[in-house]
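In what follows, a structure is listed as C-alpha cells, so that the remarks can point back to it.
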Amino acid sequence: MNQQPLPPQSERRALAIGRAVYEAFQDYHAQFSQITARARQRFETRDWSGAREDAVARIALYDHYISECMLRLRAVLLGQAHDRALWMRARTHYAELLTGLIDQELYKTFYNTLTRRYFRTQGVDAQIEFIALDIEPTDAITVPVARHTYAVSPGRLTEMLVRVLGDYPFEVPYAHRTRCAAAIAVRLLDDLAHWGEHPVRSVELLETVFYRERRAYLVGRLFGEHRFSPCVIALVNDDAGLRAEAVLTRRSDVAQLFSNSRSYFQADLTTVGDAVVFLRSLLTHKPIDELYTMLGRAKQGKTERYRTFFRHFQAHPAEQLVHADGTPGMVMVVFTLPSYPLVFKLIRDRFAYPKTMSRAQVEGKYELVFQLDRIGRLLDAQPYRFLRFPKARFSPALLQDLQSSCAMSLSEDGDDVLIALCYVQRRLRPLNLYLREQLPAAAHAAALDYGQAIKDMARNNIFPGDMLLKNFGITRHQRAVFYDYDELCLITECTFRDWPTPTSYEEQMAAEPWFHVGPRDVFPERFALFMGLPSSQLEAVKHMHPELFDPQWWRDLQARLREDDYPDTPPYADAQKLA
C-alpha cells in the first residue's frame, strides 16, 4: 500500500513509535523468559507453590507491558495518539525492524494489541494493523529448532538413553540414571515392537526442557527405518529422587499432554515459531493456535485462532452461524459454525432464576480460570472483544436470540454485527448428549471419567459449582472436561456440610431445606440429585468415586489445600508409568 510522506517531524515521530513498541516487546519477552527460566529451579527444589505463582505472574505480563508501552509513548505522541497517518507510517518502520526475525508474528500481535487499545478497533483495521488472514505464518520458518540428535546402534538403546539423560543435567542427581534409561528402553521396545526387531534408529529431542506442574519433559521424536513417532520422556523429582516416570510415544497421549484443557508449559525457548513448527510435526492435527497457547503465548494463540477461523469462515460464505448443540444456558448464549470446531459464548443481559451473580462476576470467573492449574479438566476460554460478523451469516433464530438476550454485548454497524465481548472455546460434545448417543460401554466409561474429573478438579482447589452434565463435554480422546465457569469457585472458599437428619415428618417431607443454608454451603451427600446421571451410571460413579459424596473427604481435602498441600495429578494413567 502506497503511503503519503509525512512532514519530517511526524516522520521522526513515527520512527520513534516503531522503535518504542519494538523495545517494549523485547522488554516483555525478556521478563517472560526470566520467569520461565525459574521453572528449572522450582522443579529441582520441589517448590510447587512457587511454580504456581510464576504461572499466574507470567500470564499477567502481557497486559502490564502493553500498559507500560502506552505510558512510554505519551512523550512521543504529544496529543497525536489517534493520528491514523502517523500510525500507518509507524507500522512501516516497525515492520522494517522485524525483517529476518523468526518470531516476527509475536511482535506484530503486540503492535496490533497496542493499536486496538488506542483506536478501540471494532473488527479489524487493515490500515494500521498487521492483517494477513490468507497466510500460515509458520510456513515461512525454515530454521530448525535447537535439538539434540542421537543415533542408535542395534542392541544399544539403553546406552544411548543413558547419554540422553546425561545431556539434561539438573542440580539434583538422578536416583539411578542407568536404571531409568533401561526402563525407558523396555517401554520403547514394547510400544514399537510392531516396527520390527530394532525399531529405534535415531532420536531427536529439543534442547529446551518443558516444565509444568510437578514434571519436566524432554520433548522430541524417534525414528525407525520407515516411520517416526513422538517421544516425550516425563521426569519427576519426588521423595525417591529424580527419575523418569513415563515415556509417551502415541500421538494421542502426547496430544493430551498438549491439550488446551491444561495449563501452559514453562519452556524457555529462544524463539517460539521454530518450536511450533517442530511440535506440529508430532501433532499434525493440533491447531497452530493451541500450540502457541500451550507454550504460554496466549495472545499469539488468539491471533492464530482468529486467523484460521475467519479464513475458513470466508471460504464457506453460504454457511450460517447457529446455536450450538446442547441445553441452552441460563447465563450464556452459545453459537457455532457447524463446519468449524469452535463455540462463541456471550453473556446474557439477565440471568434466569436461580442464577444470582452479576455480569462482572461471570467475567471474573472466566478470568480466574487463567490463574488455575487446569490439570486437563478445564477448557481454555479466550476472551475476544469487538468481533465483527456479517449480519446475514447469523441464522434468524440465533440473531433473534442474541438481540433479545445479549443486547448489552451486541451492536449493529450497517450490514455487520459487532460483539463487544465473547469467550471462544474448542467445541466439545456436551456430556448429557454424549451419554444418550453412545453404546452402554462408552457411556459407562464417560460417566466414570466425569466423576474422576470432579475429583481431579477438587484436588487442585477447583469446585465446579454446577455439576450438571450439560456443563461438561467429551474430548476426541474421550476425556470429560468442564467448560461452564459461572459458578466455579475455590474449594477453600466453600463450607462442606453434612445434610441434617430430619427430626419430624414435616422436615422429612419438606421440598426445601428446613434449616439455614449459607451462600457457600455445599452438601456432598446431595450431589447425586444434581448430576442428572441415569441410575445405572450414577451407581457406577458412587461405586468408583464414593468420596465425592462424603462431606468429610471434602473437609479433609480442604484442610490440605489450605496448608498449600496439593495432591499430585499426573497427566497420564498409572498404566503408562514406567516399571
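Just so it is clear, glycine is given a Cβ too, placed from its N, Cα and C backbone atoms.
What Swiss-Prot records for this protein:
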- Ala324, Asp325, Gly326, Thr327, Pro328, Gly329, Met330, Lys345: ATP binding site (BINDING)
- Asp380: active site (ACT_SITE)
Binding-site residues compared (Gly326, Pro328) - highest count of Cβ atoms within 10 Å | Gly326
DSSP, reduced to three states, assigns Ala324 (ATP binding site) to coil
Which Cβ among the recorded positions (Asp325, Asp380) has the fewest C-beta neighbours inside 10 Å?
-> Asp325
Output, ordered by sequence, the same-chain residues six or more apart from Lys345 (ATP binding site) with a CB under 8 Å from its CB, or 'none'.
-> Met332, Val333, Val334, Ala381, Cys422, Tyr423, Val424, Gln425
Here are the binding-site residues: Ala324, Met330. Which has the lowest count of other Cβ atoms within 10 Å?
-> Met330
Taking the Cβ of Thr327 (ATP binding site) as the centre, how many other Cβ atoms fall within a 10 Å radius?
-> 13
Rounded inter-Cα distance in Å - Ala324 (ATP binding site), the residue listed as 'active site' = 17
Lys345 (ATP binding site) -> DSSP, reduced to three states, gives strand
Could you state the CA-to-CA distance between Gly326 (ATP binding site) and the residue listed as 'active site' to the nearest Å?
-> 19
Same chain, |i - j| six or more, Cβ under 8 Å of Gly329 (ATP binding site); the result in sequence order is Arg348, Lys470, Asp484
From the Cα of the residue listed as 'active site' across to the Cα of Thr327 (ATP binding site), what is the distance in angstrom?
-> 20
The record names Ala324, Asp325, Gly326, Thr327, Pro328, Gly329, Met330, Lys345 as the residues that bind ATP; what is their largest Cα to Cα distance in Å?
-> 15
Taking just the CA atoms, what is the gap between Pro328 (ATP binding site) and the residue listed as 'active site' in Å?
-> 20
